[in-house]
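Visitor: After the structure tokens below, expect a handful of questions from me.
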Amino acid sequence: MPNRTMLRRASAALAGAAALLAPLAVAPATAAEPEATILGAAAPNAIAGSYIVVLKDPTVSTAGVKSTAAGLAAKFGGDVAQTWSAGVKGFEVELSAGQAKKLAADPAVAYVEQNATVSIAATQAPTPSWGLDRIDQRALPLNSSYTYPNTGSGVTAYIVDTGILTTHTDFGGRAVSGYDFVDNDSNATDCNGHGTHVAGTVGGSSYGVAKGVSLVGVRVLDCAGSGTWAGVVAGINWVASDHAAGEAAVANMSLGGGTSAAVNDAVAAAIADGVTFAVAAGNDNRDACRFSPASTPTAITVGATTSTDARASYSNFGTCVDIFAPGSSITSAWYTSTTATNTISGTSMATPHVAGAAALVLAAHPGYTPAQVRDTLVSTATAGVVTNPGRNSPNVLLYVGAL
């Protein structure tokens, strides 16, 4: 029979073994934090450490967006650069790639996209403008005149670009600054020229399609014609916020880059708010569906033609293109003086012809939805005249004579 000393030793040994085993029994395995894919992370124009976060709840309030952004930034160790509560609900944040992947997996987040640079379409200089002359007649040759159904009076045209020289004489006091998302102030003046040229084609008294439209400059690109996707999203959301319910409005976006889900979603949200968007197909001689905002399904995506009705050699093409318009050698207002002009080319120049035509449609039919405006422009366009429109492109050229 074991004595008391032996029992104590055995008891102590068992207790020691239990003490060693106990932590193994109660300590949980450490689970890796969930991660999700970052959209556009491999883009060649990606901005390291900068991300666009789109929230899952489309009904979240302005205060809710701000508090959610602050909470997520604190949780994952980032700094909020800006928040958006009109159009796309979300924010721009600066944090590491690893943190961004964890943030993307949060249940409050729809997706996270790598911020990237964006720019105006490349331009080239050459001969006098002919675009207005072409869009009021079905066939060549040109007749040296432009006849229009109305002036677009009562319609607001937002120019999301490099800003506008609002004092240019061609605008006749109808151009104002909306907001400058480059310098973050209300002075959206132009130090590049691209935005002023585009605005002139949309609504200049001499060079414009819709000669009585009200022009609003929304500056998202700098003096070199460059910007970021986050800045573009902010500009689009500002348009949606500034646009009054039921107001007849169009927006022109003669810019682009690779694909951006956030930009496409922002454009789609602004269109759902009632603003008709004309967007450039791009100048890469490639499928427009590979680019934003050209790939936005509900926008009017515009390809460019030459004065002989050929698709311009640079113009993108494909199923995402809705319509073609004059884009090569277009003369319009310029930023270097209040009377300056310049002649440049690109889908950037084709797009404002369509934005101006959309304003003409809305002036005649103020209650039209963006879809009705697009359908009107496409259905009344001249069919079958564009040579080499590109694979899967619609062969239709803008025509305002039937509006």
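Any Cβ shown, glycine's included, is placed from N, Cα and C.
All TrEMBL annotations are machine predictions without curation.
Relevant sequence annotations retrieved from TrEMBL are reproduced here:
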- ASP161: active site, charge relay system (ACT_SITE)
- HIS194: active site, charge relay system (ACT_SITE)
- SER348: active site, charge relay system (ACT_SITE)
- 50-120: domain 'Inhibitor I9' (DOMAIN)
- 152-384: domain 'Peptidase S8/S53' (DOMAIN)
- 1-31: signal peptide (SIGNAL)
Visitor: Using Cβ atoms only, which residues of the same chain lie under 8 Å from ASP161 (active site, charge relay system) while being at least 6 residues apart in sequence?
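Guide: Sequence-distant Cβ neighbours: ILE120, ASP190, HIS194, GLY195, VAL198, ALA199, GLY217, VAL218, ARG219, VAL220, LEU221, ASN252, MET253, SER254, LEU255.
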Visitor: Tell me, how many other CB atoms lie within 10 A of the CB of SER348 (active site, charge relay system), whichever protein chain they belong to?
Guide: 32
Visitor: Including all protein chains shown, what's the count of other C-beta atoms within 10 A of the C-beta of HIS194 (active site, charge relay system)?
Guide: 27
Visitor: Please spell out the DSSP helix, strand and coil residue counts for the domain 'Inhibitor I9' (50-120).
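Guide: Residue counts in helix, strand and coil order: 23 helix, 29 strand, 19 coil.
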